[in-house]
Amino acid sequence: MLELPFNMTLNFPTLFFKSLPFAQNLEPELLNGAIALVAVGLTAAYIYYHKNRKGCLDPKNFKEFKLVKKTQISPSAARFRFALPTPNSILGLPVGKNILARGRDSQGDVVMRSYTPITLNSDIGYFELVVKMYPNGKMSHHFRQLKEGDNLAVKGPKGRFSYKPGQVRAFGMIAGGSGITPMFQLIRAILENPKDKTKVYLIYANVTVDDILLKEELDRFADTFPHRFQVYHVLNKPPNQWNGGVGFISKEIIESHCPAPATDIQILRCGPPPMNKAMAIHLEALGYTSNMQFQF
Ligand SMILES: Cc1cc2nc3c(=O)[nH]c(=O)nc-3n(C[C@H](O)[C@H](O)[C@H](O)COP(=O)(O)OP(=O)(O)OC[C@H]3O[C@@H](n4cnc5c(N)ncnc54)[C@H](O)[C@@H]3O)c2cc1C
């Protein structure tokens, strides 16, 4: 490698500019100003390029993405990483939105289901899904069969929920099983933005401790951001040593672990249909109006 004397390395941009014909007769102050202007311009162009990068999704047509990594993360759920067309591509999914995936069931019939990536547009070159697979589930069959190197057809973005930092003071989140994925995406977007002051209180219900998806990540967020994020796990069948909730999510658990009803909070719900129904009844009894609730 070419070794440059120390002061020559420091002055490299100045020396480069001075070598340009138009800069030969410029005053040093003007030359430094020109260099600063070019630096500011390049930085602005870099930020503009990254902010306005086009995503890879098409809301009307399915596009194929290659599965590059499949990791079993619980007895019935796996994490799927799909490559985007180039290592610099972003998925382009707004926070709170989801995608439609197309596959084939065990009879060979086409099936389509919604999924919420747990990655954000700050994850470059790939996106990830966490999928819980049910024994008789149609799309579950497709995901069980999917091998690294296979393609998945996806279209989007879609969904009714949108998020802008500061739209509420606090979110209460009530999730069951794979219903964690839309919450996880939003939690990440909030916590990874130091300017976002929104507080998040998550109640996450599962059957056993092994069924808790993304537990390590959630507990790490709670440790790293204790003033912005809290998680309370509830298990149907807890282990002997367990300091979370036991049974189903009750009115009392919601009262103790969610922000109280107010016009500047929102409670988000996502879980199996019977759980969503039970939570809607609890929330109404606790005084949360329909404007204060959202079901993914
Ligand atoms: C907006 C949205 C986002 C979603 N994001 C995700 C995600 O990121 N990850 C993910 O794993 N799933 C997600 N889902 C659920 C997903 O769309 C499918 O419903 C799920 O994968 C089951 O599909 P299936 O075809 O295998 O089951 P189906 O063939 O539709 O159902 C077969 C059987 O599976 C069981 N079953 C199906 N769904 C559930 C459920 N939710 N809870 C309990 N039992 C069930 C029931 O016993 C049912 O009878 C999301 C759903 C929506 C609406």
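From the backbone N, Cα and C atoms, a Cβ is placed for every residue, glycine too.
Residues or ranges marked as domain 'FAD-binding FR-type' in TrEMBL: 60-164.
The FAD binding site annotation in TrEMBL covers Arg113, Tyr115, Val130, Lys132, Lys138, Met139, Ser140, Thr181. Under a cutoff of 8 A between CB atoms, and with a sequence separation of 6+ in the same chain, the neighbours of Lys138 (FAD binding site) are Asp105, Ser106, Asp109, Val111, Arg113.
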Task: Spatial neighbours of Ser140 (FAD binding site) that are distant in sequence (at least 6 apart) but have CB under 8 A - done: Val131, Lys132, Met133, Tyr134
Open item on the list: On the three-state reduction of DSSP, what should I expect for Arg113 (FAD binding site)?
Closed with: strand
Task: Position of peak Cβ density within 10 Å, selected from the binding-site residues Arg113, Lys132 - done: Lys132
